[in-house]
Amino acid sequence: DYTCVRFGVSTVSFSVLLFFNLIINWTIVREKRLRSHARFVLVFHLLVSALVHLGMSSVFYYQNYLDARPGRSACLAMITVLISSASNILLTLTAMALDRFVAVCHPMRYTSVCTAAYWPWLLGVLTWLVALVIPLSLLGRGQLGGGAKGEDHDGCARDQLKKGDLEKVLFIGICTLLILYSYVRILVEGRRLGVLNRRNRAGCRTIALHGTQLAVYILPNFVSYMLTVMTKRNIIKPETKELSAVVIFAFFSMAQCVAPVVYGLRKEELMEQLNRRFPCCSRHLKAALGWTVRANWPHSQPRGR
């Protein structure tokens, strides 16, 4: 199962995302204008969810690499965190799309609702509670944890993460439909409002990046399913399937690490505050992220206090 490779990739992705969590989320929390706006609070939730998922993946694959046999409670805790954090990432992406849909298509209603600055934070708590539904339902049916309570078992491995396929497919399908509906309505409304201009093109780029984020979190599930089907039909050998699976895992783990960072750094207000609080980092980020940030980067120099 190439557990050593999986552990290494998860650890590197977690370390990179930890750095961006520190500078981006610290900026959001410290700036009142950002922490009271839904767009930036949702970026905060997305980064935290991705960090929790990658961090727990590192721990999970490390105990697999050591061939450890954690107790049933510890195994259930790791699997629950992995499934719920992955679910919360998709829920947060859905909330982002719905937030932009309401802001564009129903601006008056959105403005009246957004007067309560605490509601985006409550939305983050709600998404975590909803994300617990799948692991708790699997736990209630006794499909997680390996063996019976109190027994020494071999069950805390990757097979545990493959339980609940039907629930996961339904969940991914519902979230994907909501996001696609939001995108279509936003594009239709943008076309109705007038001709294509620079701000519309910027909005299309933002939608494209948001769609890319959605793809890097959803595609691994479908690719893994296709590899399993091809193996069962003897189209590919099991060794080829495992090698392909670990390559896909490495690629999408790094993509999942970078995607929310790029999406967050495209926001002008956040970039302006980062430029003031972390001027050295901001210059390097501008060079590294290139075209995705260049169109939105504020060119003004930091103002003196």
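Just so it is clear, glycine is given a Cβ too, placed from its N, Cα and C backbone atoms.
As recorded in TrEMBL, the features of this protein are as follows:
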TRANSMEM  7-28  transmembrane segment
DOMAIN    20-263  domain 'G-protein coupled receptors family 1 profile'
TRANSMEM  40-62  transmembrane segment
TRANSMEM  74-98  transmembrane segment
TRANSMEM  118-139  transmembrane segment
TRANSMEM  169-188  transmembrane segment
TRANSMEM  208-231  transmembrane segment
TRANSMEM  243-265  transmembrane segment
Residue numbers, six or more beyond the limits of the transmembrane segment (169-188), whose CB comes under 8 Å of its CB atoms: 87, 90-91, 93-94, 97-98, 100-101, 104-105, 134, 203-204, 207, 210-211, 214, 218, 221
Cβ contacts under 8 Å made by the transmembrane segment (74-98) with residues that lie 6+ beyond its boundaries: 39, 42, 45-46, 49-50, 52-53, 56-57, 59-60, 63, 123-124, 127-128, 130-136, 138-139, 144-146, 153, 155-156, 160-161, 164, 171-172, 175, 178-179, 182-183, 210, 213-214, 217-218, 256
For the transmembrane segment (208-231), distant same-chain residues with Cβ under 8 A (at least six beyond the ends): 86, 89-90, 93, 96-97, 168, 172, 176, 179, 183, 237-238, 241, 244-245, 248-249, 252, 255-256, 259-260, 262-263, 266, 292
